[in-house]
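Trainee: Mind having a look at this structure? Questions to follow.
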Amino acid sequence: MRLPNILLTGTPGVGKTTLGKELASRSGLKYVNVGDLAREGELYDGFDEEYNCPILDEDRVIDELDTQMRDGGVIVDYHGCDFFPERWFHIVFVLRTETSVLYKRLETRGYSEKKLNDNIQCEIFQVLYEEAMESYKEEIVHQLPSNKPEELEENISQILKWIEQWIKDHNS
């Protein structure tokens, strides 16, 4: 049976991981957090002194994920999306969060003032939504609100319906 690949993207702190893990547990699809994958496989290409974090080796991430993506049934969670092959994803969800809510979430994570402000600016200017629109066909890119628990439930329900329909349409 063919299964869809889903990309969850958006500014850090919008709820990609929470949504992705819950969606995987309810749908049976496999969840991959690219940050965790990179950490476990040490898929890095240097260190960013300004942001105090490792730099992702995008080519190695693609090599690591390619077979799984070809097999299908994968939910990928990452705050960037322009380096993934377009053919990988059947649908892309960009999570969006109000800046006041996002600020509190990032502050709780202990982000530096610069990192915090840069991520808030990223959300204000819809940087990741625009990146998704430039990287994938417009009709597969969807924005989802991610501010409160009720929206999480609505998003899960909406995506589960989409998965069910996709499976029907591609396995008859």
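Cβ coordinates come from backbone N, Cα and C, glycine included.
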Trainee: If Swiss-Prot says Gly13, Gly15, Lys16, Thr17, Thr18, Arg109 bind ATP, which of Lys148, Lys161, Lys168 does it name for the same site?
Mentor: Lys148
Trainee: Would you please say which range out of 33-56, 81-104 has the annotation region 'NMPbind' in Swiss-Prot?
Mentor: 33-56
Trainee: Please report, as numbers and ranges, the same-chain residues at least 6 past the borders of the region 'NMPbind' (33-56) whose CB is under 8 Å from any CB of it.
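Mentor: Residues 17, 20, 64-65, 76-78, 80, 112, 114-115 contact the region 'NMPbind' (33-56) from elsewhere in the chain.
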Trainee: Counting across all protein chains present, how many other Cβ atoms fall within 10 Å of the Cβ of Thr17 (ATP binding site)?
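Mentor: So the Cβ neighbour count for Thr17 (ATP binding site) comes to 16.
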Trainee: Sort Gly13 (ATP binding site) into helix, strand or coil using the DSSP assignment.
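Mentor: Its secondary structure by DSSP: coil.
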